[in-house]
């Protein structure tokens, strides 16, 4: 429906355009949507903005103008009858011509965006068909509609629009988020493929087409000589960054492969630009007039264009870094500087006819490090999202317009010979070029590119909008066969984007190309990578080599000594990059904890490659990083298995794993539902919640490590000392839960109970297996856990404002560092000092746990309510023997189960718990007393007979859990989905 | 790259080794197999002036653990870092480099030393401690608060292109 409506609107707009075609310069819709009549500009039309019409010079005066001036504009008269309703004041007026340009643009953007939405309705479909294909098809349809409505194609991909607006957004995004290290590590290969490969392709394609023409394969009507074919070869041979990005993003090949193909597509711009310009000038002056010197000029021009473009980019990068150093007071416009400078780099390069893509790419790469360090976290997010949005929409428009442009009878000068020859040649030469160059490169590469890589690289040589825009720019006067070339280019682009784009994924699957290893870069890797760099540099130096590491080390020295001092804020540059990395990782952890619930859609579809498109991700820093990010959810599985220590692998680990898997899904959905409801809440609540989750997390962690230690102890007494220390430490955080608890009687029960409940939803299913496996251990554990809980509680009361020391145990636990950064993530306070974050934590903590101080008498209430209320109410009271045994059982169950799941599980868990508390706190505190006084009618089995529960009757237990909350009206609502 | 080139490389390396201290290393090495390059010579190379790991590398690869390298040690070092060396060997040497106190475990103090070298002592103690904890936390599988060789190898195996960067082309 919506699409239909849009189409109608579109045709209406097109129809309204119709009268304009008579006077293109005056009424042209501007911004590249001009009628195709004016399309064949020989020089890049730099004037894109709608020529300001004198009458409308001041748009602000629309109202005043509408009353009086309207009839005075003669050009408006053919706009329709609306203006001639009669004299006098008109209440409603038709002001189409006034809003026309922005209106059409907005409509197009809307169409593009809605199209994207529609494609992603069907998940199965989008995994098979790349988005770019669908967009081109949509463009074909829309073009058909416009054509039928108008008998004439009004829209096409305007080169100026493309080169000045659409392409920069995509390149800017790619450059800014380019994984710099990966790029420079493979720079040699990238440059080789980009320069040698493109030249090879261009010449071979051009010459062979000419040969085919001489042989008569190409029709006589195609009036082209050698130069024309070389020109055509030059523009058709360049791999297109837009197409490569669009297709490869969905394929997820490994990073190296991706960066080589993508880097090539960016860098070859210089080659294409130079070849194109050189040939154009040759065609203009005529081949016979070309002198030998001109060829050398061509080579010189290549050097100037590429190096000059790079330099322009780097200069702008330095300026950008320098500017952002001083934006502390005006944070709000920080992102603007990024966009402006990167775009200016592009325009400046274009101004001097240097390689604009190179300029922009290097500006992005160069500035990224300094800008990211200088600007605030919010600005970073803004930059990221805006860039992704712009790039995504630009890409969409490019593909739609490619489709639309194809539907134009005037363009189709079809010659089967030319088309098929071109297709064959570009494919063959691409493959040959890749194989040849790889053979040479592999002699120098540490990690050689194997055959499969070469196949993918050959197959991934996609042509796209750049070629199309260039061919449209040709001057039909001088290049007689322009129409043939245009048609051929369209076919080539469609073939590569659609056919190869469609088949590359199956091909990659079939060849078992190593995919990008989706995992988070850990702080370990950061450190080791850096350490390895140093080590290798040292060894190279000892060996007296001046290798890659040597130069990188030199560069880093230079960067450290001069550049960073110049471009980074004082407060920032003091920090080493490692620290930055550490913080980033922590922030990301924190964000993922929150987002986990926030975007269920994203997480649910994480595994679907089609969701890889730039727009759809919260944590995308660049394409490859995205891939890594993506893995955090998907790879959970592996990590879980990985994390199980070899010595402790129990038979049932896998069973746990399977069970855990089964339990995940309902939970996740539940959370998201909850969170979606919750997200709109204000910043403060969010913060509180986060801090709360952090607390929970650290508690969970300490608990786990305690549990873990116990197992260890039982196994080997040797490590007793270390684990004891840790255990002592880890008790402290736990008291955060029960720290108000002054009643020693309750302590053991409560702490155990609490432990058991942390694993709440998983437990039911785990009961059977684990309990049996561990049953023998219960007596041993009992004495240990009690003292732990006991010596936690006396210390507890003074602990509310944690000092630096009392945080130590926290930090011993896994989840501890994140709190500081998660706080920072929200508050955007650079955490420079431990002290600082201690303070902030403590202050926030006091905010976050108001329920506890508010009800000092009922510490359990808060603890219990946090844990979901109804169950404790039902089975705590049995107390003395049965209760404790059962809770030990629970504890035993929980320990081994939770431990392997470290990362993800706990996040999920506390996500849920944190959420649950917030939601239920008021409810529970009022609800709890009756529950404790009068246990619900169905006392749960595990309480009365742990053996029974251990005997594998999780269902009963489960049912009791579900049924228990009958007194609390709010409970079933929130807990229900989780349990079932 | 056949056998031939390897020999050639060894010859080159020997030249290099000799260049470092022509007065100590005789040209005809066979008669003086136990010549050592004192660490002071290696450590004072101008290129290595800024390298935080120069001492550690010399210590790890030298037989006596003092950083005085024989030709064998010297060649060993390049063998370990060559492309042919198996991954486990590389991993174990990388591990040794981190293991400052030679107790076969990377413990917190080792990590702190590493970090301080990497960051040139620009982090505060607290920051270093936090990072170290995170590091141990990430890789410590048996939760003993330090990284054993197994932990380390495991971590490295998980990052596929990790050790692939740990070699140089001679």
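Each residue's number is its place along the chain shown, starting with 1.
Including glycine, each Cβ sits where the backbone N, Cα and C put it.
Keep in mind that TrEMBL annotations are predicted by a computer and have not been checked by a curator.
Database features, via TrEMBL:
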COMPBIAS  A:705-721  compositional bias 'Basic residues'
COMPBIAS  A:722-734  compositional bias 'Basic and acidic residues'
COMPBIAS  A:787-809  compositional bias 'Low complexity'
COMPBIAS  A:874-890  compositional bias 'Low complexity'
COMPBIAS  A:922-931  compositional bias 'Low complexity'
COMPBIAS  A:932-944  compositional bias 'Pro residues'
DOMAIN    A:110-510  domain 'Cation/H+ exchanger transmembrane'
REGION    A:698-817  region 'Disordered'
REGION    A:845-980  region 'Disordered'
SIGNAL    A:1-16  signal peptide
TRANSMEM  A:128-148  transmembrane segment
TRANSMEM  A:160-178  transmembrane segment
TRANSMEM  A:190-217  transmembrane segment
TRANSMEM  A:229-248  transmembrane segment
TRANSMEM  A:299-324  transmembrane segment
TRANSMEM  A:336-367  transmembrane segment
TRANSMEM  A:387-406  transmembrane segment
TRANSMEM  A:418-436  transmembrane segment
TRANSMEM  A:456-474  transmembrane segment
TRANSMEM  A:486-508  transmembrane segment
Handout entry: Contact between the transmembrane segment (A:456-474) and the transmembrane segment (A:128-148) (3 or more Cβ pairs under 8 Å, separation 6+)
Key = no
Completion exercise
Ranked by Cβ pairs within a distance under 8 Å of the transmembrane segment (A:418-436), the first of A:190-217, A:387-406, A:486-508 is A:190-217
Completion exercise
Tertiary contacts of the transmembrane segment (A:387-406), defined by C-beta under 8 angstroms and 6+ residue spacing from its ends, are 108-109, 111-113, 115-116, 131-132, 135-143, 146, 153, 155-157, 162, 165-167, 169-170, 172-174, 176-177, 242, 245-246, 339, 464-465, 468, 472, 490, 493-494, 497, 613-615, 617, 620
Exercise for the section: Determine which recorded stretch among A:128-148, A:160-178, A:229-248, A:486-508 has the most C-beta pairs below 8 angstroms with the transmembrane segment (A:190-217). Expected result: A:229-248
